[in-house]
Amino acid sequence: MLFLIATFFHGLLTRSAPGIGKSRVPRSSNDSSQRKGSVPDASYAKVSKLINRRLKRYDKNVPPNDTGSPVEVLIEFKLMAFGKIREEDMDYTIDIFFRQWWKDPRLAHGEDKVFNAAVDPRKLGPHGIWIPDTYFRNVKSSNYHSISRDNMRLRISKDGSIYFSARITLTAQCDMDLRLFPLDTQNCDLIIESYAYTVDDVIYNWKNRGSKSIEVFAAELAQFDMMDVVTSKKASTNSKGSFDSLKATFTLKRRTTYFIFQHYIPSGFLVFLSWLSFWVDRHAVPARISLVITCILSTMFLFESINSSLPRISYLKAVDYYLITSFVFIASCMVEFVCVLNFRDRASVLLRNQSFAPPQIPNQTGNSIAEMMDQTYNCNKDRPNGVAGNLSLRKGAFLHENLSASRRKTPFVNAAYMDGLPTSHLPPHYIDQYARKIFPLLFGLFNIVYWSYYLPQR
């Protein structure tokens, strides 16, 4: 009886207190509306199954132009890094994200979910899919990045629109004109074409007009400043047909600071150093010659060092004209010294004659000899004939020999005294005096003409 009464009251308490026992969680209006009003997107697995189903009957060798119109391929790329520019090989290296868009109705899957995979399109499905045979006409070598896996991205939309991106490193040919080197500006091209398909099958266009199709991520270079990137399009025709050709032109302006400090300033300093020979005494022949020869050899070393990293071209560069002119100025110092040694300075001769007069040797003229002969004859006319005759002959022979010897020795005595004059008493040679003014004036005039001609052409 008591058990029945307890059970009855327990039932009443459970009905009146809904929070006790099994609780009910209220459902939000947002969740209910999402379940009633929206349809969830297809999963990657479903899209992948649809793509694989279409790839079973897919022929990757046939371009998607069943309608007869050519396939339009849109191109753009992102410049990640501009590598080394090698003048000796006339090429440059770039690292890019190369992007292509085209439409293939055979891969339309009809789902809102976009098929997105990091996969090589050539390895998709059993045999891969058709991709444009895009190639770079002026590229020497190229490679895809594959760390930690292939750096490729493939997206297929519901209508069959395909986006393919790959990271590529290219080494391309750049036809450089080095006549203004190192004050030059180079235009390096990257030419994009289809290898096999003519404009009847495939046409190429830049995705955006102007330079917007090329995104420059890093434009810092060691020896160049990237001034501009220009895109253009033209048709190239050969014996196989007409092909669309896209061209991207990089305008690169060389930085001259390095070359000014490494070549121009040292070359000018060597010219200035060679002028010091004009202040060295002309009798110090080894000192003047060694100074000029050292400057000549140093200039030749500069010329060799700057051309060692450049191709062997058949024309002269701007820096060649400067170094050759510097070499001519230095070699002219040697020619000037030869002129100094071969042209006697009149002022120096006068100073030598005034400072050190040579000893006076009596000039045995004809009259003095005649008087001596008369004295000899008068002195010996009272002696016997044999004795007098012998004395007269010996006296005359002695006088004739003395006269001849004095005439022969006089010039050499003068030269000996002239050469023995201390060089500290000699003024500078007049040729040296003129060279001290003319050489700097001509070299300064050359620099004005040189920089006025080449700098505006940059």
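Backbone N, Cα and C define each Cβ position, glycine as well.
The compositional bias 'Polar residues' annotation in TrEMBL covers 26-36.
The domain 'Neurotransmitter-gated ion-channel ligand-binding' annotation in TrEMBL covers 48-256.
Positions annotated as domain 'Neurotransmitter-gated ion-channel transmembrane' by TrEMBL: 264-350.
Positions annotated as region 'Disordered' by TrEMBL: 20-42.
Among the features that TrEMBL reports, signal peptide is placed at 1-16.
What TrEMBL lists as transmembrane segment is 258-278 (among others).
Annotation comment: TrEMBL describes 285-303 (among others) as transmembrane segment.
Residues or ranges marked as transmembrane segment by TrEMBL: 323-343 (among others). Residues 263, 267-268, 270-271, 274-275, 277-278, 282, 285, 288-289, 292-293, 295-296, 299-300, 302-303, 306, 316, 429, 431-432, 435, 439, 442-443, 446, 450 of the same chain lie 6 or more positions beyond the ends of the transmembrane segment (323-343) yet place their CB under 8 Å from a CB of it.
As annotated by TrEMBL, transmembrane segment applies to 438-455 (among others).
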Helix, strand and coil totals (DSSP H, G, I; E, B; other) for the domain 'Neurotransmitter-gated ion-channel transmembrane' (264-350): 69 helix, 0 strand, 18 coil
Contact between the transmembrane segment (285-303) and the transmembrane segment (258-278) (at least 3 Cβ pairs under 8 Å, separation 6+): yes
Positions whose Cβ lies under 8 angstroms from the transmembrane segment (258-278), at least six residues beyond its ends: 182, 223, 288, 291-292, 295, 298-299, 302, 306, 319, 322-323, 326, 329-330, 333, 336-337, 432, 435-436, 439-440, 443, 447
Local confidence of the prediction over the domain 'Neurotransmitter-gated ion-channel ligand-binding' (48-256), expressed as mean pLDDT: 91
